């Protein structure tokens, strides 16, 4: 209700203001016409008066026109106010309908709130009017202040221009320093990349060196073990060679005895049948010994060749072993040549000699009793082939083959 009364009062005030403006305009027009009439009556020179009247009439027409425009604007405002008033009434009606649905306490509270808002609105209106008056005073004051500020700004502008030039010089110097720093940074970055690549390369080289060191240590240990095996094999072979030489000497002595017995059997020519059998058996044994000696010789030559290809023996050891093997091979060749000659003689001198047969049997039994044993294995010595010699040769051959594969 309070809002509705307020809107009505506002509309009436606007209407009164518009009516008063029209009244003022009419009064001005009446005064203008009255002045025009007075001027015409009192003037002795009608022409100037007419000009003045025309000028006044034009001014009046302009004023009337302006007043009519203001009047039209006022009516438009009045229409707008009425429309707003209608809207407010509709809103108020809606609010009223809503309020009717609520309790009386809420309605009283709402009305009190509306009244409070109206009072606050009135207070704000007063404050606004006071603020307008203050604003006028402040406008004048600010104008003066603005003039002072303008002068101050001119001074500050000059100072700012000088400062701007100085800042520009500083900025250019800073940009140049920045470029130098960027170049230095890029250089340091490149040096860091080079250092990082070098560090990675050194690390790879170090790891490769460590791996190579481990491989060399393993190879060294392996070669050390192989050297020990080779040394043991060489010592065993040396002992077997010494035993073989001793057996060879015994065989030569026995062979000499057989030769003497053969001469005796050739002179006696008794026991042809038994001597012939003994001769054949001796022939078979000599042929078997010859074949065995050839096999031993080939094995020794092969071992000699493999030992020559070995890289882990010293030159002195190789020379000593080579000399021993060559001497042994030469002795075996001479022995084979002698046995071949004796075999040829046995083939050409097969004459009956019965009395000498027991002597031949005794000499063969003596040969059996005089066989020696090898010091390395304890086996019965054979001047041409032993199990220990075969083992040594096989071990040496395997060692040489393994070295070839590794190389």
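Glycine is no exception: its Cβ is also placed from the backbone N, Cα and C atoms.
Because the structure is a prediction, the values reported are computed rather than measured.
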### Message
Under Swiss-Prot, the annotation region 'Disordered' belongs to which of these stretches: 305-343, 344-382?
### Response
344-382
### Query
What range among 53-66, 67-80, 81-94 does Swiss-Prot record as region '2 X 7 AA tandem repeats'?
81-94
### Task
List the helix, strand and coil residue totals of the region '2 X 7 AA tandem repeats' (81-94) as derived from DSSP.
14 helix, 0 strand, 0 coil
### Summary
DSSP puts the residues of the repeat 'C 1' (151-185) at 35 helix, 0 strand, 0 coil
